[in-house]
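Visitor: Here you go, one structure.
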């Protein structure tokens, strides 16, 4: 502002020492802009508005103390704000005629109070400056110049930095290998990686070193120097400490300076390399060119590509320099650009593929045409790069990459395109009446058509429409928002709206007293906030709080409540607010903001309405938010489940889908599952299974049934409603998202004997076994659980065995996902227990026993517990027990003994107990220090752990040394307490173990006296 007042404002004396502004249109325009900025400051930047100035703004005011209302203490000719700083000083102090203001918030409120006098007050504030202001302003300008200088200086250094990537390093090493060997003309004797394993990202460094940016390590043997151990990292290449003599491990510490690449380092370290490398320079530089993909086979294509690039650059320059060309020139430019984009299609595809590989994620397709209206977007390229890089989180930018469609030639453009261009011209240069007429005419076009949407964007219409939102004319705002609402369904348009700063303006409109404006702004925000950056902008500008307030607009409306028109408007405002919140709620931070703003009670109240258009966004928002535990607790507290169940009976399929999905999210909690049953929600869920045309709704309904089936009482109800038979029928010809839920529900139902019989009679075993060959992780986890539950029935087990189901389960032990491994192992337990000739069946799987034993090396507790359970069942066959003993099962089990996980403790103890029944395994467990940790298991609070541990100790106590270890670790006292347990197996095992220890003691006593 200081620069503008110094250079642009017109003062009555030289400089502005006289502190009086001339009465000119320019000065009036500058002051009005300052007023608009200050008035909106409190809404756009609420945190900054509370910042207290070091020195107050002070001037002579014409305001009367009586103009100040609530928030101010008025006493005669003095006014003090109730808002104070940390020292208790008021942020606004008026003592007629002097006024002092110490924050932007109070300055903004003062201008609001001033009303018609705000222009005079602003001018007085600017003119009445202290004598030091000019010096301060000059110092500030100098500091700003220094800041810009430092930024430019930093950018020069940053531009010189070269960051390496795995592909570049690999190419360099492979090329150097071609020029290495024993000959005199070779550049090196040898160059080799220290590790042969290459990760999926192309790096060979261990993961904990990849975090530090390191890519790989190479051993280089020059002709004239010792072997060099080199670290290649993203920052450059440097020598490390080499391999240690003892273990051959690499000393990762840097031992010298960093070079930009491997060739530069080797030239520095080896004179022969530098000399021979210069001879091979031509070969070395030509090689990459031969390897480049998608090179044009003909010179003609290369010339075309070069011409297209030149054309695009020249078009961009023309658009930057001259935006005021004649209409004819504007009409010609887009078609030329589109023709160019067709000719350079191959080159753009290659470029896009390179960018996708570089950023490791989706990338919005670049556009070759840059029209006058879009030339301003070039400045925002940095934001685009940031957006691309940040596209990796739980919430994605877009569900899929949207193509940028262009017409191939000028003749293919519809007449609507050129008509819209003319209308945008009137929007830019017309008066208020012409602007309204142009907006109405533009609204008459089919704005759902992509050609019309892109036409508005390509001729600079978006900038004009967004600028209109900042005017004081309500009709212009409404017309602009109606158009923006329609065209913002296009993903490219919504991104451009965010780039042009349209969202903060729309957020501010949410405070408007006009309900039509609120509705249109909220609906447009709902369309735009489909990607992460847009949702973040809405939250940062206070949009979440304002949208939540829209849900309650009817309560605070000053208009007569008896009018049905006003009630309808209130409902529409709340609906639009819910619609925007639904889009915004896909972000975790926004979910928290909605909850903190009090959105849950308001959503619960709106859920009781009969308006379906209102219910869909309300339930949609609740469904998105219910993924968080805080929301699920609040949903129970607000009694929302009852209304969700009620709306399952609606005729609207979309509403049914969202209600079912919300129940699916909430039904993780047992109390919620009971509430669904008590409010009669299970029957409509079961009946909705019969409608299979709408796959999205079917997925939501089956998901809700799956989660509700976790409670046994609900399973009984589903059996009454014949839902199990229907679920079996859905095991074929359904998408994976449906199958995951269907199989999950059947897995829960299979825990009861009656349901297992129903599934077998309905022919459900075969489709379940067929699903074991899939690759979907969630589906495999659910299928293995269901198959394992069915295998409890001998009749079902026969079918599973006949269909080769056991072999398929065993093969899933090789799956890379720990959850799939664990679930497959649990499913194998009943299969082995109920198989007709289990021992022979297990031995028939080539390498099967070795695979199971090796899984004991896993780090996942669930995998270890499930594998221990499998080994327990395998070891029931003596021949199999002998084989797994040879595979080293005893030392592996002993290593797991020091665990605090009760589930693992129980199954580990059972496995040890079973393995003791072969050869000298009892002695081996003692030698591998497994006995003492087992004694500590007796201090667990789990009775199942006690039983399994007592049985293991009983088997181990057959060896005298183990008895001594048990006695030393206090096993006798703990076992004595368990002899009185109501569990007979625990009683017997504890007593047997004490008996063995006592016999040993008596034998030692007898031997001592004899």
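Keep in mind that glycine also has a Cβ here, set from the backbone N, Cα and C atoms.
Any TrEMBL annotation is an automated prediction that lacks curation.
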Visitor: Tell me which of 606-633, 634-661, 662-689, 690-717 corresponds to the coiled coil entry in TrEMBL.
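Guide: Checked against TrEMBL: coiled coil maps to 634-661.
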Visitor: Pick from 197-220, 221-244, 245-268, 389-412: which range has region 'Disordered' per TrEMBL?
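Guide: The range carrying the region 'Disordered' annotation in TrEMBL is 389-412.
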Visitor: Count, for each of 501-543, 847-889, 929-962, the Cβ pairs lying under 8 Å from the repeat 'ARM' (970-997), and report the range with the highest count.
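Guide: Counting Cβ pairs under 8 Å, the winner is 929-962.
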Visitor: For the repeat 'ARM' (929-962), jot down how many residues DSSP puts in helix, in strand and in coil.
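Guide: Helix, strand and coil residues of the repeat 'ARM' (929-962) number 24 helix, 0 strand, 10 coil.
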Visitor: Restricting to the same chain and to residues at least six past its boundaries, which positions have a Cβ under 8 Å from a Cβ of the repeat 'ARM' (847-889)?
Guide: 810, 813-814, 818-819, 821-823, 825-826, 828-829, 832-833, 838-839, 896, 899, 901, 903-904, 906-908, 910-911, 914-915, 917-919, 921
Visitor: With DSSP as the yardstick, break the repeat 'ARM' (847-889) down into helix, strand and coil residue counts.
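Guide: Its residues divide into 34 helix, 0 strand, 9 coil.
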Visitor: Go ahead and report the DSSP secondary structure tallies for the repeat 'ARM' (501-543): helix first, then strand, then coil.
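Guide: Going by DSSP assignments, the repeat 'ARM' (501-543) contains 32 helix, 0 strand, 11 coil.
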Visitor: Could you pull the average pLDDT for the repeat 'ARM' (970-997)?
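Guide: PLDDT averaged over the stretch: 87.
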